[in-house]
Amino acid sequence: MSVLGVLGGGAWGTALAQVLASGGHDVRLWVREPEVIEAINGTHENPLFLPGRTLSDRIEATGDITWVAEAAAVLVVTPAQHMRSVLADLPRHGQPLILCSKGIEAGSLKFLHEVAGEAVDGSPVAVLSGPTFAHEVAAGLPTAVTLAAEDAALAHQLAATIAQPTLRPYVSTDVVGAEVGGAVKNVLAIACGVVEGAGLGQNARAAVIARGFAEMTRFGLARGARAETLSGLSGLGDLVLTCSSTSSRNFSLGVGLGQGRPAEELLSDRRTVAEGAHTAPVLAQAAAAAGVDMPVTEAVCQLLDGADVGRVVEALLTRPLREEGF
Ligand SMILES: NC(=O)c1ccc[n+]([C@@H]2O[C@H](COP(=O)([O-])OP(=O)(O)OC[C@H]3O[C@@H](n4cnc5c(N)ncnc54)[C@H](O)[C@@H]3O)[C@@H](O)[C@H]2O)c1
Ligand SMILES: O=P(O)(O)OC[C@H](O)CO
């Protein structure tokens, strides 16, 4: 067993720390909030981000990122838009980084493996992504993920390190594909939530999933992803999960939008992150730059900007007819 580091004490960082610690690893968890550090080390719980779960005493929370940097590998689980600034403080030991966040950086339009590569020069980078509600992983429920690194040997080595009886990684060398799925599905989950909130029915939700997958695939292929990754755990698998449940923060945000509530109100008082709200405008820019048509993503951007739900839905449904396919 190894000493592993985790950056980010939100729901997902804490759940990953828990499943790794339950497998016998010692986990150093870097946490931003002093009250969360105190709760994890004092009473083995994270009431702010993962309430109701008793955590392993193999998890030690810290505010000292240099201590986490000494681990054999570091899982990076910050919100996507804060990854660059957090990694800037991580001392460089050449330790592998496993990126577990989902999104595209605003401004640069870069995937997170590109951001990490720039921020921590010299560390090999892998991406872990898939259908993974944090509370289920922390509860020890069976979960499968994609673990992608350009270097196949590294991907296999990291998969062997993190694999647990309830966490099964599937290895890939398609880093871009693994990232596209996680980033795009969050935007599409908002759209499915809107369908739910506006009472548009199950047929409409299935249509958004299917046509959303088509636009995920168009964008992914244009950016060099492989089709089998997009139809795998990190793409279609995560899309189906996140578009089906109010356990998803992105889906829940969409439900509120579909009920006609403004995005600012829905986002203002939450401490948890709904990545799709940040990714949608960035994805729309990246798609435009790649010459890819993403009508569902465009619709989500309009709704986040306060457009009327009925008008946005009508505009989507009255687009020129086209052949089915990607
Ligand atoms: N929760 C899940 O089920 C889940 C599963 C898979 C992937 N993810 C991804 O993991 C990433 C983290 O999500 P989460 O659910 O753990 O977070 P969360 O919503 O539970 O908690 C918010 C996190 O944001 C951090 N944060 C807030 N402001 C910050 C700042 N200025 N700088 C750095 N960090 C800041 C907080 O410290 C906390 O760790 C996201 O990209 C998310 O999409 C989440
Ligand atoms: O709650 P969400 O919408 O951020 O989704 C969590 C995970 O990404 C699901 O795989």
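Glycine is treated like the rest: Cβ placed from N, Cα and C.
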For the sn-glycerol 3-phosphate site that TrEMBL gives with LYS102, GLY130, THR132, LYS185, SER248, ARG249, ASN250, which of ASP121, ASP238 also belongs there?
ASP238
Those recorded positions in TRP12, ALA134, LYS185, SER248, ARG249, VAL273 whose CB falls under 6 A of ligand 2, listed in sequence order:
SER248, ARG249
Could you list, ordered by sequence, which of these binding-site residues: TRP12, ARG32, THR132, ARG249, GLU275, have a Cβ under 6 Å from ligand 1?
TRP12, ARG32, THR132, GLU275
Around VAL273 (NADPH binding site), which of the listed recorded positions (GLY130, THR132, LYS185, ASP238) come within 10 Å, judging by Cα atoms?
none
Using the alpha carbons only, what distance in Å do you get between ARG249 (NADPH binding site) and ASP238 (sn-glycerol 3-phosphate binding site) once rounded?
13
